[in-house]
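Undergrad: What follows is a structure written as structure tokens; I'll ask about it next.
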Amino acid sequence: MMFRLTSVSCFLLVIACLNLFQVVLTSRCFPPGIYCTPYLPCCWGICCGTCRNVCHLRFGKRATFQE
């Protein structure tokens, strides 16, 4: 009886540890300068392809055309 109780408690402990590791690994974030997506967020700042403090707008040829 003692063996069964110990093995069940060890099994439950392993499940709890795996859930804890899953939460830690899925909630990580990336520092500035690292590639990011909406599913891989920045720790701080904004995701503009890479983690940055401010997104700079990039204009095409039509926007820079001068008469």
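Any Cβ shown, glycine's included, is placed from N, Cα and C.
Swiss-Prot lists these features:
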| type | residues | note |
| --- | --- | --- |
| DISULFID | Cys29-Cys43 | disulfide bond |
| DISULFID | Cys36-Cys48 | disulfide bond |
| DISULFID | Cys42-Cys51 | disulfide bond |
| DISULFID | Cys47-Cys55 | disulfide bond |
| MOD_RES | Phe59 | phenylalanine amide |
| SIGNAL | 1-26 | signal peptide |
Undergrad: Within 10 Å of Cys55 (disulfide bond), Cα to Cα, which of the disulfide-bonded residues Cys29, Cys36, Cys42, Cys48 are there?
TA: Cys48
Undergrad: Helix, strand or coil at Cys43 (disulfide bond), per DSSP?
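TA: Once the DSSP labels are grouped into three classes, Cys43 (disulfide bond) ends up as coil.
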Undergrad: What is the nearest of the disulfide-bonded residues Cys29, Cys36, Cys43 to Cys51 (disulfide bond), using the Cα of each?
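TA: That would be Cys36, nearest by Cα distance.
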Undergrad: Quick check for you: of the disulfide-bonded residues Cys36, Cys42, Cys47, Cys48, which have their Cα within 10 Å of the Cα of Cys29 (disulfide bond)?
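TA: Correct set: Cys36, Cys42.
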Undergrad: Show which residues of the chain containing Cys43 (disulfide bond), separated from it by at least 6 in sequence, have their CB under 8 Å from its CB.
TA: Cys29, Phe30, Pro31, Cys51
Undergrad: Between the Cα atoms of Cys36 (disulfide bond) and Cys42 (disulfide bond), find the distance and write it as a whole number of Å.
TA: 7
Undergrad: List nothing but the one residue from Cys29, Cys36, Cys47, Cys48 whose Cβ has the fewest other Cβ atoms within 10 Å; the candidates are the disulfide-bonded residues.
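TA: Comparing Cβ neighbour counts within 10 Å for the disulfide-bonded residues Cys29, Cys36, Cys47, Cys48 gives Cys29.
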Undergrad: To the nearest whole angstrom, what is the C-alpha distance linking Cys42 (disulfide bond) and Cys48 (disulfide bond)?
TA: 10
